Structures are given as structure tokens and as C-alpha cells.
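Worksheet: one structure, shown below.
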């Protein structure tokens, strides 16, 4: 067996030499060199100093600028809140524990860190799903005479919380569990063991079907239909350069959004599934740590893609940061005017990442 299982932990290293110790009580420097833990702490610090400002700024400018408080932007605020959950509930804890080389907060701290990190990650994931559905409903109009309003937006936000809790809460009440993962400095769902009484197998299968494959299918379907609708509208107005430019912009945005989702979740899901289906096989602590980096980094690049690329949000952010004046206002205004001159069903603003 490649790993050593103990009470509420699994260390991916054989204990033949007798060096394996509980990750709740002893530094894990026998897994990787101490400098690697320092590097992990530095990376977490980078995510904190970049993830907190951009997500907090999103909330702040929305409060400050009334024109941003529209139903279609509710889900973006929810995404920012989800990222802040990851920053405060996951990144800060992992940075501190990495500096010590083990999970110093014990079993209770592992449950709390695992819960908040999972809750934030799942809220972010389902926010992207709801965002895709909302854009599909608004642009493709699968339901005739449908008008997206505040009640729909609130239901979408509530749905993300329900789905996130349906993933983050069960390990706290006996369906699977949270244990230190990778380099043993952060906690996540137990993919490693088949410990009797915690039903890891059924929970992992549930996770992959409900919280990975279904979101993946929904996002591909919604954005696929959206691109087809935009291309059809652009084909009807081939003589309009503005329409063609809008079509290219929408296609580019959709590709970026889908790739970002895959970069965030595919490595983590793939490695977790491999570990689950190959229990006892050879894999090191870095094998699980690196994919988790991709998922954690989403707290930084998701706001950049879904919020900062939106012209209205970007303008308000720059205005706020520059004390009420946007030095790029003429350029932004010219771009907005050009887009408004086109009386077309192709609207990059309604399908843009924000």
C-alpha cells in the first residue's frame, strides 16, 4: 500500500520506515522538502493579496454605483462572495499551516477549513452554471415572452447556495469526511480511503455526477446554443462590420469562459477520480496538491474574466479607483457608442462574462 491511514487522515507515503506522523501533530517534511511548504505559503499569500482586492472591489463598486445593481449582475456578486469565502476560509488557513509544515488547527479546524473552502468553490462553480443558463435564457429566448427579472436572479443565487451546501455539508454529518490532502496543509473531501462507516464511495460518485459532469454538460450546452444563436444573427447581417465584430467578441468570450472552467475543475476532478479508482497505487503528495492550485486560482482569474472584461463593471471600477474620474472614458465611450449603433440581436454586452 502506498499510503498510511490513521484516525481522520491519510498520508500518501508508506510507513515501512516508521517516519509517518499525524498531520495534525507533526511537520510533514518527510513528504517534501521544507522549502516546498514555504513555496506553498508564498503562493497562498499571492492568492490572498490578488484575490481579496478584486473580489472586494466588485462588491464595493456595486454598492457605490446603482446602475450595476441589475438582476443580471446578482450572480456576479454571488461569484465574488464565493471567491471571498475561498480567500478567508481556505487561503489564509493554508498559508498559516504551510508555514508550520502541517495542519496545526487539528481535526475541528480541518472540518471548518474543508467546509468553507468547499462551500466557496462549489458556490463559484454553480454561479458559473447559473450565469450560463441566464445568458442562454436572455439571448436565445427558449421561452417566448420570457423577461428576466429580480425574482429569477434571486432564485438563481439561492440555487447556488443550496447546491454548494449539498456538497459541503454531508462530510460534516457522516457522508464522507474532510481530511488533510496533498502536502497535508489543507483539507478536502476524502477521495483516498474506503473507511467503513463514512460511505466515501457513494459520496465521491455523487460528487462527480452532480457537481462535475452535470455542470459541465449544462455549461457546454448553454454556451454552445448561445454561440449558434449569435452566429445565425450575424449571418443575417453580413454587411455590418459591427455585427461581425460583436459575433467574434462573443465567440471569443465563450471560448475563454469554457476553457477557464475546464482549467479550474478538470485537473482536480481527474486526479481525484484517479486516486479514488486506484487506491493503493503509487502517487505522491504533490500529485494532489498541484491540481488543487488550479481550482484555488479561480478566485483570482474568475473575477478578471467574468467581471473585469465587462465594460460597465470595468468603467465603474476605474472610476472608483481614480477618485471619480475614468482617464480612459473617451475610449470606453467610443466603444460603447459603436456597439449601440447596431440594431442587431447580437449583443456582446448581454452575453459578455459579466
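Note that Cβ sites are derived from N, Cα and C of the backbone, with glycine treated the same way.
Not measured: the values here are computed from a predicted model.
Swiss-Prot assigns the feature transmembrane segment to one of the listed ranges (287-308, 309-330, 331-352), namely 287-308. In Swiss-Prot, residue 18 shares a side of the membrane with residue 198.
Transmembrane segment is the annotation Swiss-Prot gives to one range among 181-202, 203-224, and that range is 203-224. With pairs at least 6 apart in sequence, the transmembrane segment (37-61) and the transmembrane segment (111-133) have fewer than 3 Cβ pairs within the 8 Å limit; the two do not touch. Residue 187 (disulfide bond) has none of the recorded positions 2, 15, 200, 296 nearby, counting only those with a Cα within 10 angstroms of its own Cα. Of the candidate ranges 74-96, 203-224, 253-274, 287-308, 74-96 contributes the most Cβ pairs within a distance under 8 Å of the transmembrane segment (37-61).
Each residue of the topological domain 'Cytoplasmic' (225-252) gets a DSSP state, and the totals for helix, strand and coil are 23 helix, 0 strand, 5 coil.
Long-range Cβ contacts of residue 110 (disulfide bond) within its own chain (separation 6+, distance under 8 Å): 8, 24, 103, 178, 179, 180, 187. Put simply, 2 is the one of the recorded positions 2, 15, 296 whose Cα lies nearest to the Cα of residue 200 (N-linked glycosylation site). Beyond its flanks by at least six residues, the topological domain 'Extracellular' (1-36) meets 100-104, 106-107, 110, 177, 179-180, 183-185, 190, 192-193, 195, 280-288 of its own chain at Cβ-Cβ distances under 8 Å.
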